[in-house]
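Peer 1: Can you keep this structure in mind? I'll have questions shortly.
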Amino acid sequence: MSARLPVLSPPRWPRLLLLSLLLLGAVPGPRRSGGFYLPGLAPVNFCDEEKKSDECKAEIELFVNRLDSVESVLPYEYTAFDFCQASEGKRPSENLGQVLFGERIEPSPYKFTFNKEETCKLVCTKTYHTEKAEDKQKLEFLKKSMLLNYQHHWIVDNMPVTWCYDVEDGQRFCNPGFPIGCYITDKGHAKDACVINSEFHERDTFYIFNHVDIKIYYHVVETGSMGARLVAAKLEPKSFKHTHIDKPDCSGPPMDISNKASGEIKIAYTYSVSFEEDKKIRWASRWDYILESMPHTHIQWFSIMNSLVIVLFLSGMVAMIMLRTLHKDIARYNQMDSTEDAQEEFGWKLVHGDIFRPPRKGMLLSVFLGSGTQILIMTFVTLFFACLGFLSPANRGALMTCAVVLWVLLGTPAGYVAARFYKSFGGEKWKTNVLLTSFLCPGIVFADFFIMNLILWGEGSSAAIPFGTLVAILALWFCISVPLTFIGAYFGFKKNAIEHPVRTNQIPRQIPEQSFYTKPLPGIIMGGILPFGCIFIQLFFILNSIWSHQMYYMFGFLFLVFIILVITCSEATILLCYFHLCAEDYHWQWRSFLTSGFTAVYFLIYAVHYFFSKLQITGTASTILYFGYTMIMVLIFFLFTGTIGFFACFWFVTKIYSVVKVD
C-alpha cells in the first residue's frame, strides 16, 4: 500500500465548499486559519463508555452522504447501492440549501464507541447469484459505478472522513472521500485507485474496497469540561477476499469481480477502528489539514495578487483619464458659453437634447434592471455575511439557503427599480412591467432548472429535487417574492419620474456615420474583456469546486474580486460610453447594459473551454446537465454585470450633463 498515487480528483461534494470556505479566515492571508470557534456550532465532547453522561457522549455515529463521480454529473444516494444498510437511525433533517445541492445524508451501519478499538469487524455480507436477474442488475450497477470512479462520502462529528495518500509531487493529499473500487482494463491498465496495490493485476476485473481501516484522532479538552473532542477521522480503503465469511481475518488476496464471473459471488464488508490522541490539532482548526493538503487548490497567491494589481492599475488609469478629460471638456464648454463661438458646440455636448431619449424596448430593459438589482444586492449581502463568518461552514447548506432567502426577500427593490426606470422611459403598461419583473427572468431560470431536474429524475439520481421541495420553491416565489415585487413596483410607479438635468428635443438628432471602433458591436465585445480579466482566475477555482469536486475556501479573495469586478464593469462601461457620446451617438442605455453584460459571454466561452480541456465528464445526460446549469449561471451573471454597467453609465451621464451650461 506504499505506492504513490497520481492525483485523484476529489469527489464531487459542492456542500464541502460551504463547510470549508471560512476556515482560513475572512480575508486573504496565510493558509493556516489560526483556529476559531465557528458561529452556530458547539463542539461535542466524547468520553469512555463508563464515563458517558448528558454532556459527554460515548457513541460515535458515522453518517453517509450521496456518492458521486468526477466522470458523471449524476450522484446517487447511498441506499441506491447494494451496500450494508443501517437497521435503525434517524435521517438528519436537511435545510433548503442542502436539498438544492442534492445532499442526502443518512445513518450508516458503522457504529463506534469512543476509545474502543475493533479489528476486522464484520458489518454484513452480500451474496449475488449471476443467474438471477435482480442480483445481476445490482452487480452491474456496482461495476458501472466502479468504472466511473464513484466515491463514498462519510461523515463523523460533522466533518468528512478523509483518505490521505502521497501524490506525485511528494506531498500528502487528503481526499474527503474514497472510491467504491477500481477497474483493471482488458489491456491490463490500472484505472484510478487500482494503482495502490500491485495485487490488482487481473485483466478485465473489478476490485471492490470492502474493508476500511479507520483512525479517529481526538484532542483532550484542557478546560474544566470533561472528555475529548474529535479533530480528524482518516481511513484507508482495502480489498480482501475473506476465506471465512462468517469469521473474516482481513488478510489474503483482494476481492476481485471479473467481468466473466459466473455462479455465486460473496462480498463481506468489514472495518477496523482505532483511536489516537493528537495534542497539536485544536477542534477549532481541525479542517486545516484537509485544506492545506489539497494539491489542486493550492492557490498561487502571487498570481492572484498580480492580477488584482493589474486590474487596479488599469482601473486607476481609466479613472484618471476620465477625470482629466472630462474636467477639461467641462471647463472648455463653460468658457465657450461666454464667447462669440458659443454656438459652435462639438463632442458630447451636441447630443444633450437626445441623451435622455427613451430607449427602444424600454420595457425589457427595465425588467432586466429590476432582476439585476435583485441579484446584485443578494450577491453582495451573501458574500459579506460569509466573510464575516455569520454563515457557519459547519451548517451544511447555509450559504445556499441564505442566497435563496435573500433573493425571495429582495423582490421589493427589483419591482421598485423596474418601475422607476420604466416610468422614466415613458412607459404606461405598469401591469405588464410588474408581471414581467416577477416572472420573466425567474421563470427562465426555473424552466431550465426544471428540465435539468426531469433529466435527473429520469436517471434516478439523488440530485433530483423532490416534488415537495419544488412546491416549496414555487410557494416562496409566488407567495412571497411576487407580492414583494408588486409592493416595490407600487412605490416605484407612485413616485414622480426621474428628473433629468436637460430637456429632450421633440425631433431626434441624426447620428453621424460611425467609425468601426464606435459602432455598437465592437464596443460591446471590447467592453467585457477587462471585467472578465479580473475574475477568470477565481472563476477557474469556482468551476473546480463545482465540477471537479475541489473545495473552495477563499471567500475573502472572492469578496475582493467581487468589489473589483463592480469597479471594473463601471469604469469600462463609462469609458466606452464617453467615446460613443463624443462620436455623437446618444443610444447609451442598451449599449451600457450590454457592454458590461458581455462579460457573461466570455464566461460562457470559458465554461465551454473548461468542459473540453479540464473535465472528464462522459455521457449525454451529464453533458446536457453541465451546459444546462452553465446557462443558468450565465444568465444570472449577464443580469448582474449588465445592471452594474447601466447604473454606472446612468450616473455618469446624469453627472456630466448637470454640470455644463446648456441654452
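Placement of Cβ uses the backbone N, Cα and C atoms for every residue, glycine included.
Pulled these features from Swiss-Prot for this protein:
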- 1-28: signal peptide (SIGNAL)
- 29-300: topological domain 'Lumenal' (TOPO_DOM)
- 301-321: transmembrane segment (TRANSMEM)
- 322-374: topological domain 'Cytoplasmic' (TOPO_DOM)
- 375-395: transmembrane segment (TRANSMEM)
- 399-419: transmembrane segment (TRANSMEM)
- 420-437: topological domain 'Cytoplasmic' (TOPO_DOM)
- 438-458: transmembrane segment (TRANSMEM)
- 459-466: topological domain 'Lumenal' (TOPO_DOM)
- 467-487: transmembrane segment (TRANSMEM)
- 488-522: topological domain 'Cytoplasmic' (TOPO_DOM)
- 523-543: transmembrane segment (TRANSMEM)
- 544-554: topological domain 'Lumenal' (TOPO_DOM)
- 555-575: transmembrane segment (TRANSMEM)
- 576-591: topological domain 'Cytoplasmic' (TOPO_DOM)
- 592-612: transmembrane segment (TRANSMEM)
- 613-631: topological domain 'Lumenal' (TOPO_DOM)
- 632-652: transmembrane segment (TRANSMEM)
- 653-663: topological domain 'Cytoplasmic' (TOPO_DOM)
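What's the neighbourhood like for each of these?
Peer 2: Averaged over the topological domain 'Cytoplasmic' (322-374), the predicted model has a pLDDT of 77.
Non-local neighbours of the transmembrane segment (399-419) in the same chain are 17-18, 21, 95-98, 100-101, 366-367, 369-371, 373-375, 377-378, 381-382, 385-386, 391, 430, 433-434, 437-438, 476-477, 480-493; each lies 6+ residues outside the stretch with a CB under 8 Å from one of its CB atoms.
Same-chain residues lying 6+ beyond the ends of the topological domain 'Lumenal' (459-466) with a Cβ under 8 Å from its Cβ atoms: 66, 73-77, 80, 99-100, 102, 104, 453, 473, 621.
Proximity of distant same-chain residues to the transmembrane segment (467-487), defined by a Cβ-Cβ separation under 8 Å and at least 6 residues beyond the stretch ends, is recorded for 96, 99-100, 370, 404, 407-412, 414-415, 434, 437-439, 442, 446, 450, 453.
Residues 350-357, 411-421, 423-424, 430, 433-434, 437, 579-580, 583-587, 591, 594, 654, 657-658, 662 of the same chain, all 6+ positions outside the topological domain 'Cytoplasmic' (488-522), place their C-beta atoms under 8 angstroms from a C-beta of that stretch.
If one looks beyond the transmembrane segment (523-543) by at least 6 residues along the same chain, the residues whose Cβ comes under 8 Å of a Cβ in the stretch are 297, 299, 303-304, 307-308, 310-311, 314, 517, 550, 552, 554, 557-558, 561, 564-565, 568-569, 572-573, 576, 579-580, 591, 594-603, 606-607, 610, 614, 641, 645.
Secondary structure of the topological domain 'Cytoplasmic' (576-591) per DSSP (helix as H, G, I; strand as E, B; remaining residues coil): 10 helix, 0 strand, 6 coil.
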Peer 1: Can you name the far-off residues of the same chain, 6+ from the ends of the topological domain 'Cytoplasmic' (576-591), with a Cβ under 8 Å from a Cβ of it?
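Peer 2: The answer is 322, 325-326, 347-348, 350-351, 354-355, 357, 359-362, 365, 509, 511-512, 514-515, 517-518, 520, 523-524, 526-527, 646, 649, 652-653.
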